[in-house]
Amino acid sequence: MFQTLDHFLKSWEFEADATQKLLNSLTDESLKQEITSQNWTLGRIAWHTVAAIGIITSNTDLTFQAPAEDYPVPTSAQFIADSYHQASNAFVQALKTQWTDHTLQERINFIGQQMPNGSLLMFLIQHQNHHRGQMTVLMRQAGLTVPGIYGPAKEEWAKFGLEAPKM
């Protein structure tokens, strides 16, 4: 659980930048990539990640502009990436102007359970990270280069003068 807005905002800045890098790497064609016809496509997961910022925080008193629905899925990768950038920035501005550290202790109902806003913010980051992991697998299957997040991606080791780990 986050105890201060500053701590959350520093974490969000890194995580949002990482998510933005992934979304910026998508192509319109890659949005159709799927594991099976019974699972979400890369585009569906990407758009859900955008909309989740507003959906997850909808039971709080925060007000900001963000997509409120994660379906239907846009067909433009650029639109998805731009929408994430806008939603994330609006979310950060709302936090800075509408909440205080004290607000993080206030409890809300989220998916049938009571939790402090600080825990909800942790859930938001973890939820986003979960879907980023799914996206990286689908991106590889779609033939895209995956940017490194918590370390270099396979294609990035050479930038550091190192050989990529053996397969």
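Using the three backbone atoms N, Cα and C, a Cβ is placed for every residue, glycine included.
As the structure is a computational prediction, the values presented were derived from the model and not from experiment.
Residues within less than 8 Å, Cβ to Cβ, of His48 (divalent metal cation binding site) and separated from it by at least 6 positions along the same chain comprise Trp40, Asp70, His131. Under the heading divalent metal cation binding site, Swiss-Prot lists His48, His127, His131.
Note: the divalent metal cation site is recorded as His48, His127, His131; in the same chain, Ile45, Thr49, Ala52, Gln128, His130, Gln134 also have Cβ atoms within 8 Å of that site's Cβ centroid. The Cβ of His127 (divalent metal cation binding site) has 16 other Cβ atoms within 10 Å, all protein chains considered. In the three-state DSSP classification, His131 (divalent metal cation binding site) falls within a helix.
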